[in-house]
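J.: Quick one: this structure, given as structure tokens, is what I'll be asking you about.
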Amino acid sequence: MAKSINFVFLILALLAFAPLCLCHVNTFGGYLYPQFYDRSCPQAQQIVNSVVSKAVAREARMAASLVRLHFHDCFVKGCDASILLDSASGIISEKGSKPNKNSIRGLEVIDEIKSELEKQCPHTVSCADIMALAARDSTVLAGGPSWVVPLGRRDSKGASLSGSNNNIPAPNNTFQTILTKFKLQGLDIVDLVALSGSHTIGNARCVSFRQRLYNQSGNSKPDPTLDQSYAATLRTRCPKFGGDQNLSFLDLVSPTKFDNSYFKNLLSFKGLLSSDQILVTKNQVSFELVKKYAESNEVFFEQFAKSMVKMGNISPLTGFKGEIRSNCRKINA
Ligand code: HEM
């Protein structure tokens, strides 16, 4: 009798502590946590940081490209490195989607990090976690905020070209469409405005904003919400025909510095993309948020860090789901 009471007690105790255990032991899935590699690969974060630092020192824009890579990964089936897979049997690469083609960059930097990690801790650190860490380190290197990155994501065994085409907002989408695309990922209007603040660094191609310069609403006139002298400057680098790949800075004031000048630009109608400018012109709540971040770098940085962690938590594969790829470009044999 006493034995069976003990047994019941033991079961109850296990049940009571089970959620606690799951937080720390990720074997059964669910949670990401910053110490995930502390035992299995204590040098993981240092390796990522050293490769990213070298890459950004070679080319400042790389910081922007690595932040964007994580975003384009997370919005398609969650942060699972699906964006990195090349086409193969049964896989159509996301790299060919409208938002990614001729546009995503930084893939070789991720390869370099992965090969270094495979040397030091084989089959341990996921490509999805590498991208989350690289996005954080890039932000810091460009002068932005830091945050602690929850880890333990695993890599997908498939990609979704349609997900990439449909889920990632386009620069000519309406405000409502963009907000809906964020909400479908569990992100809200605060995240939308703060994360758009990553357009404080990096470039965009002429094709991504040409419409605004020449024919915004089918009347052969430029977008009236674009500062007209800024528009004239942009037209010199982005002709009506040709020059599709010509680049312009997303933040004309401090293109490689992560700061709140992006929001200040929006208030003077110098946002490069239509999707940037509409944060000021189409919705009162987002307009108030833009003003708040334009006023205070600190407030922007704090929210940006929070929203990046939230984005990084979109549907991760954990536990026994997915795999740890040994080459980020293909699933394991
Ligand atoms: C709100 C909806 C968004 C739209 C419509 C959008 C659209 C774009 C477009 C069209 C470009 C230029 C691509 C090219 O011409 O090659 C771009 C660049 C960029 N985007 Fe976004 N984006 C959005 C949100 C975000 C978010 C949430 C992040 C990061 C968290 C981000 C980070 C970046 C960065 C850093 C660049 C520059 C990349 C580089 O220079 O390589 N964007 N975005």
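Just so you know, the numbers here start at 1 and follow the chain as drawn.
Cβ atoms are placed via backbone N, Cα and C, with glycine included.
In case it's useful when we look at the structure, here is the feature table from TrEMBL:
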- P169: substrate binding site (BINDING)
- C41-C121: disulfide bond (DISULFID)
- C74-C79: disulfide bond (DISULFID)
- C127-C328: disulfide bond (DISULFID)
- C206-C238: disulfide bond (DISULFID)
- 1-23: signal peptide (SIGNAL)
- R68: site 'Transition state stabilizer' (SITE)
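Show me how these features fit into the shown structure, please.
T.: Under the three-state DSSP scheme, P169 (substrate binding site) falls in the coil class. For P169 (substrate binding site), the count of additional Cβ atoms within 10 Å of its Cβ stands at 19 [all protein chains shown].
All protein chains included, C121 (disulfide bond) registers 16 other Cβ atoms within 10 Å of its own Cβ.
Around the Cβ of C74 (disulfide bond), 30 further Cβ atoms fall within 10 Å across all displayed protein chains.
When other Cβ atoms within 10 Å of the Cβ of C328 (disulfide bond) are tallied across all protein chains shown, the result is 22.
In sequence order, R237, C238, P239, G243, D244, Q245, N246, L247, S248 are the residues near C206 (disulfide bond), counting only same-chain partners six or more apart with C-beta under 8 A.
All chains included, 22 other C-beta atoms sit within 10 angstroms of the C-beta of R68 (site 'Transition state stabilizer').
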J.: Out of R68, C121, C328, which recorded positions have CB atoms lying under 6 Å from ligand 1?
T.: R68
J.: Going by Cα-Cα distance, pick out whichever of the recorded positions R68, C121, C127, P169, C328 is nearest to C74 (disulfide bond).
T.: R68
J.: Return one of helix, strand or coil for C206 (disulfide bond), based on DSSP.
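T.: Helix, per DSSP.
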J.: Between C-alpha atoms, which of these recorded positions comes nearest to C79 (disulfide bond): C41, C121, P169, C328?
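T.: Going through C41, C121, P169, C328 one by one, the Cα closest to that of C79 (disulfide bond) is C328.
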J.: In the three-state scheme derived from DSSP, which category covers C41 (disulfide bond)?
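T.: In three-state terms, C41 (disulfide bond) counts as coil.
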